[in-house]
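Feature list (source: TrEMBL):
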- 42-65: transmembrane segment (TRANSMEM)
- 124-319: domain 'Aminopeptidase N-like N-terminal' (DOMAIN)
- 356-579: domain 'Peptidase M1 membrane alanine aminopeptidase' (DOMAIN)
- His428, His432, Glu451: Zn(2+) binding site (BINDING)
- Glu429: active site, proton acceptor (ACT_SITE)
- Tyr515: site 'Transition state stabilizer' (SITE)
- 663-965: domain 'ERAP1-like C-terminal' (DOMAIN)
Amino acid sequence: MGLNDSSPGAMRNGRGLSDQWAESVVVRPRTTERHITVHKRLVLGFALSILTLIIVTAVAVVLSVQFEACGTRDRDETTGEPSSRGPGGSAKLNGGRGERMGEKGDEEVVQPWRNSRLPGSVRPRHYDLRLAVYMDNFTFSGEVSIELECINATRFIVLHADRLEVDRVTVTAEGGVGGRPSNRPGGGVMRIHRHFPFPANQMYVVALHREMKPMRVYRLNVSFDAAIEDELLGFFRSSYTMQRERRYLAVTQFSPIHARKAFPCFDEPVYKATFSLTLRHDPQYTSLSNMPVESSSLSDEDGWLTNHFARTPRMSTYYLAWAVCNFTYRETQTDSGVTIRLYARPDAILSGAGDYALHITKRLLGFYQDYFKVQYSLPKLDLLAVPKHPYAAMENWGLSVFVEQKILLDADVSSSSYQMELTMVVVHEICHQWFGDLVTPVWWEDVWLKEGFAHFFEYVGTDFLFPKWNMEKQRFLTDVLHEVMLLDGLSSSHPISQEVEQATDIDRVFDWIAYKKGAALIRMLANVMGQPLFQKGLNDYLLSHMYSNAARDDLWRKLSQAMRSEGRDIDIGEMMDRWTLQMGYPVVTISKNQSEQLPTYYITVSQEHFLYGEEVRKNNSLQWQVPLTVAVGNTSAVCSESLIWINNKTETHRIGQMDDSTWLVGNINQTGYFRVNYDLQNWKLLIQQLHTNPQIISVGNRAGLIDDAFNLARAGYLPQGVPLQLIGYLPEETSFLPWHAASRALYQLDKLLDRTDEYRLFSDYVLKQVASRYHQMGWPTNGPGTEGNVLQASYQTEELQRELIMLACSFGNKQCHRQAVAYISDWISSNKNRIPPNIRDIVYCTGVSLMDEDVWEFIWMKFHSSNAVSEKKILLEALTCSDNTFLLNRLLNLSLTSDLVPEQDVIDVIIHVGRNPQGRNLAWRYFREKWDILNARYGEALFMNSKLISGVTEFLNTERELNEAFNKCLDTFFK
């Protein structure tokens, strides 16, 4: 144990040296004065000798082991073992600025690898990455050469590495940042003191003997080996069967923090660099990456293929991608010369399953270039359809990867809803080529800057492709706005921008708050600004930050500048910070107040934080800047809307002349992210309007009134009878959107009531509302689905028909059940599937639930024999609809313990079994028993665990089940 100080008053083991010596002599027997004097001289001489020896030894030790002391300290803290030098050791390191702390007795040396974030002393400029991929044993070896710029003087290079076996590390000095040669004495090779992993933060540390100097360029070379994993993250493997032969492929998934599993790198978004990639592999495979192949060669020694890919633009590590597969492709080219290819299994390419996605991608590149006024940056864009992937898709720049179910379309068996879902996934990923790839959020706290924009443009871009689908003005309301407001109204919600410190915190920011609330806020902002100014601001934002990073304030600044350019002085940052840095949203209550002096009505408008549960609403002081649009109407007409800014808790505003029969409606077309409540008299007038002439109120507001009424009643703001009176008009409703909003609200009630004595009354009420419109609409006729069909005006009619059939069959309409059973029986007897694609999922599920075990076995057989990915998906979900608990148990066990169910579908199987009243307890028990296996397999994949947990618990509605779920959480997270 080192000595901190050689002064007489120094402490050792917490006690003064002189006191220790005093204690050692105090117990001696009393002697004569002479003896005592001699004794003191001997003691003094002995003490001086010992003290001199200690000082000399200490100096020698400090001079000889100055750097080794650091190494010992590093090694001890890496392994978690206590240091042999102890906490009082006095070794020092000549670390750079930011790597030393203030003195605490002696100077302590900061270890930057102990911080969860990279220190920032060096920055990567370019990666030269060379990999050899061995598909026979699923391993790979690599060498990476990273060109570094030193920002602050430092002896440490700290970067990320996870599960890599590092073999050799070298560092060289290459000169100044501007290319000037190095004048540093000693040449270009930097002597490395030691290098070691720090697994706690997934980092790798290279400690040098001498400091790197600011404004100098260095090169770090690392060779390493790793496995091609089977867990869907990093560089992982997948497989498929073709002509009874199992074939393998390997592909990357680096977002958000998994590039470090494939090569040592600075794996944070802000460390953008360029990449040159070389892949070497067996020539039977094809390799792909972000950029086109620049050159290829075959080895004379082993015949292996080496592909050198062109240098990328500056980008974040998690957008780098590569794949090694034996897929084939179809291609097309844009007018500007960008080559687009879709790679997939050879049989899928041959059947034309990728043609639809290829066609719309070409159109989308042109749409986004026109909308953003920024050209697509790369010479090519590959779409890769893989059998297994943790997410629907990943927007790697120039090589977007999709799970097959989200990009391959068999037009003869796919429903219009499946085609719509596939379309929106492609639209989402292509948008990311600008919002994400080109301009990347600085840090994960603002992940909504890319995900919110991509989710919003799912609807804008789909409207460009198919204008009659009317997605942004209609389906956005029910599928995004209403859905996320359910989540954001809970006391457990969080702000859309939330602090992220640890790597383990990153996964939690990828949730529906980031995606859907982000999209809803962007839509609100676009409507406040107006389309031309919104586009102008986005163009300036992209041009200013292209190939770089941006934060939310950068976006607000550009949008505010766009507003000021037209004389509109609105501080977008001040307005939007309220919406992004606070959790939740307001409920705006509008009350009519008649002035005694004027024949004009004034309205009182108040806002408060909307929360489910009156007990959690106490002492709430949150406020927002609310852009409230209001219109007044009566039985025959509605006036034009007016915009009112609500900045305070309560305000009074003047509205045009009104009488007792005039009603108010707020949040026109639901462009705002808030709920609207009214005084009871206004609710009564709105309900009367819906029952007499609903078309006076826009379809968006009809859907909004339904959703608001049910949720206001659920939260205690409205009497429970109001929403039920309101939907009494539904038999007269001819539009899909209000029915869709109503069905979502009714299914929420279904979850709560399905095991109560009142359930029969509830289901009879639903069937009464559905019956007349269901019988009027009837069932669709069969016919192959094509792109042309979805372009027709009948799309909304088809969706309404499907919604009514789903409600009728779900709540027990006998005629609906008979029709579904007839379709299944005809299929079994004729072996010809004449069920219209748009309702196959409903018919399959209804048939399996009502018919015997043979039907379940028939569907199981068809699931295995079908080659259409959309058909396989709904067949698998239909198997979860059985009332036979033995079959449900069998399916659950097969899903996790065999290859019969695709790995990415296992969670969906468990969730759908949980939605079956007969399978609810089975799924809950299975989840609890298999949690360790499920968490080990899917724990690192974004959304997977949260999706599973919410799925198996959404129908738990008793106090006993609540306690079980709570205890399971405690066992899981605190064991």
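Backbone N, Cα and C define each Cβ position, glycine as well.
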Cβ-based neighbourhood (8 Å from the centroid) of the Zn(2+) site, residues His428, His432, Glu451 excluded: Glu395, Glu429, Cys431, Phe435, Gly436, Lys450, Phe453, Ala454, His455, Phe457, Glu458
Rounded distance in angstrom between the Cα atoms of Tyr515 (site 'Transition state stabilizer') and Glu451 (Zn(2+) binding site): 5
Number of Cβ atoms other than its own within 10 Å, given for Tyr515 (site 'Transition state stabilizer'): 23
Glu429 (active site, proton acceptor) to Glu451 (Zn(2+) binding site) - Cα separation in whole Å: 10
Among His428, His432, the one of these binding-site residues whose Cβ has the fewest neighbouring Cβ atoms within 10 Å: His432
Local Cβ density at Glu451 (Zn(2+) binding site) - other Cβ atoms counted within 10 Å: 24
All-chain count of other Cβ atoms within 10 Å of the residue listed as 'active site, proton acceptor': 26
